[in-house]
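What follows is a set of notes on a single structure, which appears directly below.
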Amino acid sequence: MQAFAVAALSIWLCLGATTLAESHGPQHCTSPNMTGVLTVLALTGGEIKATGHYSYDSTDKKIRFTESEMHLNKTEHLEDYLMLFEEGVFYDIDMKNQSCKKMSLHSHAHALELPAGAAHQVELFLGSDTVQEEDIKVNIWTGSVPETKGQYFLSTTVGECLPLSTFYSTDSITLLFSNSEVVTEVKAPEVFNLPSFCEGVELEEAPEGQKNDFFSLFNSV
């Protein structure tokens, strides 16, 4: 874990964190409702795994992610996920063919909310702290996802606790989740409504030894 934190922090510094602010050990924070664009990059090979719009209900712990039609360098259908963390399930939705899969979510951790066990590492300025409106103050957090043996490195804004980016790593993958065009509201609450063709779909069991979580879903696309 310590080696991972040091390596991840080094990457962050290279991305433009120019001024180190004194850390005061902030309390764990909670993200607001959000609508925005999420881009997922595989750091090995530099492949964009997915990019699309999302809505996040931070109260009821729901995410709807719909992959952008501009991401067309793939042969399969565009990804459309409805993740219900309180229920511990997600739906893989195919609007074109009106089909749906329902599977278990084995972890509540994801890139749009600071996980409960996250440990604060440092507070940083992105940009310049001496030029007005040319800096963003962020908190850096690290932690692990025991269910998938993954480790993460997550940055949130100081104040509203908006997640900016998340590095997620296991023995086999390293992904970067970038959050942009964020609006602190759910613009269309109906996106959390289950399509009629998904109602009554039976839960599919994951293959033995496979653990499904937010991060692994994007590694499979």
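Even glycines carry a Cβ here, placed using N, Cα and C.
Annotation source Swiss-Prot lists N-linked glycosylation site at N33 (among others), citing sequence analysis. Counted within 10 Å of its Cβ, the other Cβ atoms near N33 (N-linked glycosylation site) come to 17, all protein chains included.
What Swiss-Prot lists as N-linked glycosylation site is N73 (among others), and the listing cites sequence analysis.
The N-linked glycosylation site annotation in Swiss-Prot covers N97 (among others) and is backed by sequence analysis.
The signal peptide feature in Swiss-Prot is assigned to 1-21.
N97 (N-linked glycosylation site) has a Cβ environment of 9 other Cβ atoms inside 10 Å.
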